[in-house]
Amino acid sequence: MKLEMEKLISHLKTMGFVFQGSEIYGGLANSWDYGPLGAELKNNIKQAWWDFFIKKNPYNIGLDSSIIMNSKVWEASGHIGNFNDPLIDCKACNSRWRADKLIEEKFTEMNVGGWSNEQLENFIEEKKIKCPKCDKTNFTEIRKFALMFKTNQGVIEDMTSTVYLRPETAQGIFVQYKNTQRALRKQLPFGIGQIGKSFRNEITPGNFIFRTREFEQMELEFFFSPNDSKNWFQYWLDNVQDFLENTIKIKKENYLLREHDKDELSHYSSRTVDIEFKYPFGIGELWGIAHRGDYDLSQHQKVSGEDLTYLDPVTNERYLANVIEPSVGVERLLLAVLCQSYKEEALENGERVVLSLPNNLAPYKFAILPLQKQQVEKANEIYLNLISKTGISGTFDDKGNIGKRYRRQDAIGTPYCITIDFDTDNDGCVTVRERDSMNQNRVPINQLEEYLKENTK
Ligand code: GAP
């Protein structure tokens with residue numbers, strides 16, 4: 001069954017995962033807030049990334065840099081000059097479009113990422129591409145639309161106080177490369193990763209949380225010697241796939257790799273591979289792995305005047321490190337996980353919606369459900385003991401019939417429902433029901449912690 005986005009969006013709202021931003025004021029286009037369960041799920045994804053790429057990787061260390069930086073950073077990185085989208089207006093109905101997306105949405109097999117404005121204009125005219133809103137073919141020339149949000153720092157609004165909200169977290173890493181390397185006494189190869197908000201004034205945000213103006217990135221900049229013969233690009237491509245398949249449990253058949261061709265490569269990249277996910281609305285970029293060479297360090301060295309070269313302790317040579325960058329958006333990963341997990345199932349006595357989230361990502365790992373009033377106290381004691389002593393996140397629900405309580409936990413992806421019944425007093429055991437199979441088994445209360453830890457890693 002093909003997942004309908006409307007159904008997923010409505011489910012996520014009802015269950016407390018994702019709400020429309022500023023909803024009581026009529027909303028703000030394409031802004032989304034994460035409810036209690038969405039916030040847990042998002043945090044679990046970020047924690048999983050941090051554990052895999054920072055804590056458990058022998059080469060990497062973490063950073064948390066500012067959103068607002070000296071504007072020279074963006075001059076050096078090329079964002080002030082180059083970070084813009086080709087904007088085109090329909091003269092008939094005044095609607096505004098991204099010229100490249102107009103083409104790619106009509107010719108889905110094409111990728112026109114590296115095309116000049118002239119190429120785009122000619123193609124639109126030649127193929128008589130219509131305005132998606134009014135069906136006319138009467139467009140303006142393409143104009144550049146700067147994607148960075150501008151604001152002012154300090155009390156005086158003038159040119160010298162202009163600052164930008166960062167459009168990527170990567171530059172914060174390049175700017176602190178030297179401090180980080182020195183403070184941690186790192187030798188090449190090593191990587192610096194960070195998770196944080198980025199902002200882009202996208203012309204056509206959309207598809208729920210897929211493309212928004214405010215989003216979070218998890219980026220790793222991996223620095224290595226230009227003389228290093230190891231294929232670090234392949235190493236990181238393999239690591240990203242390992243993380244996707246074994247930690248986040250994205251199924252192999254749900255994603256594909258796409259190598260950028262020469263025309264499409266960004267100005268800083270000599271090789272880029274995108275990992276694309278099969279979203280319900282079409283195939284879309286999830287994760288980009290780019291070889292950035294020494295572009296960023298050499299630009300920052302030039303504009304800041306700081307020496308960013310590395311003195312090789314073995315060869316005594318000085319050089320600028322090369323960089324491989326795996327970069328992913330938290331929300332795109334979250335959306336991929338949700339699309340893959342959402343299921344509607346027919347049961348003997350009705351139907352259920354299940355979020356078959358990987359156990360390690362589920363907002364709650366367990367729910368304690370006392371069957372009768374008499375067991376509420378005992379159940380509460382088990383619940384409080386588990387959450388305070390073990391730190392495993394869980395929930396408690398003693399309201400309504402047990403069938404409905406199971407349905408609610410299935411719908412929010414809780415892997416284990418634990419019921420306390422009359423036998424509990426006699427045998428010291430509880431019934432544990434597994435979300436996907438709905439199988440039940442008896443587990444001694446004193447082994448619950450171990451059971452949950454083992455099964456929700
Ligand atoms: N530092 C490199 C960089 O930022 P990018 O391909 O522009 O590269 C990296 O962005 C990732 O960030 C994308 O693969 C995507 O997952 C996410 N991303 C980019 N723009 C986004 C947006 N407007 N909304 C949500 N996620 C976005």
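Even glycines carry a Cβ here, placed using N, Cα and C.
So that you can see what the record holds, here are the features copied from TrEMBL:
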type    : residues                                                                                      : note
BINDING : Arg98, Glu168, Phe215, Glu216, Gln217, Met218, Glu219, Glu325, Pro326, Ser327, Val328, Gly329 : substrate binding site
BINDING : 200-202, 210-215, 285-286, 329-332                                                            : ATP binding site
DOMAIN  : 6-370                                                                                         : domain 'Aminoacyl-transfer RNA synthetases class-II family profile'
**Item:** Greatest C-beta neighbour count within 10 angstroms, which of the binding-site residues Glu202, Glu219
**Value:** Glu219
**Request:** Please determine which of the binding-site residues listed here (Arg200, Arg211, Arg213, Arg332) has the lowest count of neighbouring CB atoms within 10 Å.
**Result:** Arg213
**Request:** Note the mean pLDDT of the domain 'Aminoacyl-transfer RNA synthetases class-II family profile' (6-370), expressed as a whole number.
**Result:** 95
**Those binding-site residues, out of Arg200, Glu202, Val330, Arg332, that come within 10 angstroms of Phe215 (substrate binding site) at the Cα** = Arg200, Val330, Arg332
**Fill in**
Nearest by Cα to Glu202 (ATP binding site), of the binding-site residues Arg98, Gln217, Glu219, Pro326, Val328, is Arg98
**Asked** Counting distance between Cα atoms, which of the binding-site residues Arg213, Leu286, Val330 is nearest Glu219 (substrate binding site)?
**Response** Val330
**Message:** For Val330 (ATP binding site), which of the three DSSP-derived states applies: helix, strand, or coil?
**Reply:** helix
**Asked** For Val328 (substrate binding site), what residues in its own chain, 6 or more apart in sequence, show a Cβ-Cβ distance under 8 Å?
**Response** Trp49, Gln217, Met218, Glu219, Val240, Leu286, Trp287, Gly288
**Item:** Cβ under 6 Å from ligand 1: qualifying binding-site residues of Glu202, Pro326, Val330
**Value:** Glu202
